[in-house]
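What Swiss-Prot annotates here:
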- ASP42, SER43, ASP86, LYS116: 3-methyl-2-oxobutanoate binding site (BINDING)
- ASP42, ASP86, GLU118: Mg(2+) binding site (BINDING)
- GLU185: active site, proton acceptor (ACT_SITE)
Amino acid sequence: MRPSELTQLKQDGRAISILTAWDGISAALVEAAGADVVLVGDSLAMVALCHATTLPVTVEQMLHHTKAVGRGFTRPLPQQPLVVCDLPFLSYQCGEDKAVAAAGSLLKHSCAAAVKLEGAEPEVLAVIERLVRMGIPVMGHLGLTPQAVHQLGYRRQAEDPRSQAQMLQQAKQLEQAGCFALVVEHVPSSIARCLSQQLTIPVIGIGAGEDCDGQVRVTADLLGLTPSQPPFSQPLIQGRQLCVEALQGWVKQLHQQAKTATTTTSPPEPDC
C-alpha cells in the first residue's frame, strides 16, 4: 500500500482502515486483520510505556518501536500495510531541519513510509512543505491533538461555527501543503463530513462520525486491553479480562501441581 493508493480508495468509495501497532505482536495481528494502514502512533507512550500523555515519547523510542513493527510483518513487502509513524512532541515544532532529521531517520532506519504531524500552524505548514519537497509523505491531524493536551485538553473540538470554519481553512491549507491524508479526531460528524466532501485527500475519522473516508482506532482500545477507553473507541472484546483469566488459570494450575507434589512420597535422593 502506497500513500497515493489511499486517494484512489476514496475515489472508489471504499472505506480506509487504520489500526495502531507498537511491537511485533500487535503488528502481526493488525496485518492479519487486513488493515490498509498501520499507524505507529505516539499513543504508544500511554499504551506500551505507561505514561499519562503522549508527550514524553522520543524520536529514538518511536524508531525502536517502528523497527519492531516491521519485524512483526509476515507478508512480502508489496503486500504489507502502509506504515505511518507519528513525529513526537517537539521533534518538528522546533525548526524544519530538526523535523527533516527526525522524519528522515524514521524512514531510513525502519519500515515507516510516511509520518504524521499534528496541527496547521504556519510553522507546521512550512515543515510539511519541506518534508514533502524532500520526498517524505505526510499525514495531517486536526481536531483533538494529544500533543496539545495542556492547551486544549481532551475535550471535543470544533463545536461552534467559527471553529468549524477555521478547521476547514486549516484542512485546505494542509492539503495544499502536500498532505496525502488527514486525521480528524473528536469533532462533530457534520464538520468531518464537510471536510471529506471538500477535500481531495482522504479524511480519516476517530470520534468524528461515520461519514469520513476511513477510520483509525487504537488497537489496544478495540481489544479491551487498556484500563479505560474514550467514548468513541469502545472495545470489541474484553481482552484485558480474558488475558487475566487465562494467566490466572495457569498460575492456579501450577500452584495445585506444586501442592500435589509436596504431599506425595518423594523418591530417595540419588547418591552423588
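The backbone N, Cα and C atoms fix where each Cβ goes, glycine too.
What Swiss-Prot annotates, mapped onto the structure for a quick look.
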residue: ASP42; record: 3-methyl-2-oxobutanoate binding site; Cβ contacts under 8 Å, 6 or more apart: THR54, VAL57, MET62, ASP86, PRO88, PHE89, PRO146, GLN147
residue: SER43; record: 3-methyl-2-oxobutanoate binding site; Cβ contacts under 8 Å, 6 or more apart: THR20, THR54, ASP86, PRO146, VAL218
residue: LYS116; record: 3-methyl-2-oxobutanoate binding site; Cβ contacts under 8 Å, 6 or more apart: LEU39, GLY41, VAL84, CYS85, ASP86, LEU87, VAL138, MET139, GLY140, HIS141, VAL183
residue: GLU118; record: Mg(2+) binding site; Cβ contacts under 8 Å, 6 or more apart: VAL124, HIS141, LEU142, THR145, PRO146, GLN147, ALA148
residue: GLU185; record: active site, proton acceptor; Cβ contacts under 8 Å, 6 or more apart: HIS141, LEU142, GLY143, LEU144, THR145, GLN157, GLY205, ILE206, GLY207, ALA208
Revision key, fill the gap. Counting only residues outside ASP42, SER43, ASP86, LYS116 in the same chain, those with C-beta within 8 angstroms of the 3-methyl-2-oxobutanoate site's C-beta centroid are LEU39, VAL40, GLY41, LEU44, THR54, MET62, CYS85, LEU87, PRO88, PRO146
Practice item. For the 3-methyl-2-oxobutanoate site as recorded (ASP42, SER43, ASP86, LYS116), determine the largest distance between any two Cα atoms, in Å, rounded to the nearest integer. Key: 12
Practice item. Please report the number of other Cβ atoms within 10 Å of the Cβ of ASP86 (3-methyl-2-oxobutanoate binding site). Key: 28
